[in-house]
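A.B. asks: The structure under discussion is supplied below as structure tokens; questions concerning it will follow.
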């Protein structure tokens, strides 16, 4: 074993770089070419930017599901205000009539 120059970075040591360049082949030999090829091709790990998958858009001719909901009249959404007033008046009259205290 030859002594290694201590001033060299570990990734520049002799024998640390493969003699051939990396390629896009996924055969067994190329998957074990170097550590980078093994993680990228062999294990399928890549740390690059991921492309956003676009959502499927509904065709122009089809209606959206929101169009199928019928609109409700405003009186049902807000509630019956007169019924609440009558209930309050009935409660007040009952409390006045009961001499429990």
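Numbering starts at 1 and runs along the chain as displayed.
Cβ coordinates come from backbone N, Cα and C, glycine included.
According to Swiss-Prot, the record shows the following:
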type	residues	note
BINDING	25, 27, 30	Zn(2+) 2 binding site
COMPBIAS	48-58	compositional bias 'Basic residues'
MOD_RES	28	N6-acetyllysine
MOD_RES	50	N6-acetyllysine
MOD_RES	51	N6-acetyllysine
MOD_RES	52	asymmetric dimethylarginine
REGION	1-48	region 'Transactivation'
REGION	1-24	region 'Interaction with human CREBBP'
REGION	1-20	region 'Disordered'
REGION	22-37	region 'Cysteine-rich'
REGION	38-48	region 'Core'
REGION	48-101	region 'Disordered'
REGION	49-86	region 'Interaction with the host capping enzyme RNGTT'
SITE	11	site 'Essential for Tat translocation through the endosomal membrane'
A.B. asks: The region 'Interaction with human CREBBP' (1-24): which same-chain residues, six or more beyond its ends, come within Cβ distance under 8 Å?
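C.D. replies: Distal contacts: 30, 33-34, 36-37.
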A.B. asks: Looking at Cβ-Cβ distances, which residues of the chain lie under 8 angstroms from residue 30 (Zn(2+) 2 binding site) while being 6 or more apart from it?
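C.D. replies: Correct list: 23, 37, 41.
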A.B. asks: How many neighbouring Cβ atoms, not counting its own, are there within 10 Å of the Cβ of residue 25 (Zn(2+) 2 binding site)?
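C.D. replies: Excluding its own Cβ, the number within 10 Å is 12.
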A.B. asks: Within the region 'Core' (38-48), how many residues are helix, strand or coil going by DSSP?
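C.D. replies: Taking each residue of the region 'Core' (38-48) in turn, the totals are 5 helix, 0 strand, 6 coil.
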A.B. asks: Report, as a single number, how many Cβ atoms besides its own are within 10 Å of the Cβ of residue 50 (N6-acetyllysine).
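C.D. replies: Taking all protein chains shown, residue 50 (N6-acetyllysine) has 7 Cβ neighbours within 10 Å.
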A.B. asks: For residue 27 (Zn(2+) 2 binding site), just count the other CB atoms lying within 10 A of its CB, please.
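C.D. replies: That number is 10.
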A.B. asks: Across the region 'Interaction with human CREBBP' (1-24), what are the DSSP residue counts per state (helix, strand, coil)?
C.D. replies: 3 helix, 0 strand, 21 coil
A.B. asks: Quick check on the modified residues 28, 51, 52: which one has the highest count of other Cβ atoms within 10 Å of its Cβ?
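C.D. replies: Of the modified residues 28, 51, 52, the most buried by Cβ count within 10 Å is 28.
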A.B. asks: Express the distance between the Cα positions of residue 25 (Zn(2+) 2 binding site) and residue 50 (N6-acetyllysine) as a whole number of Å.
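C.D. replies: Here the two Cα atoms lie 21 Å apart.
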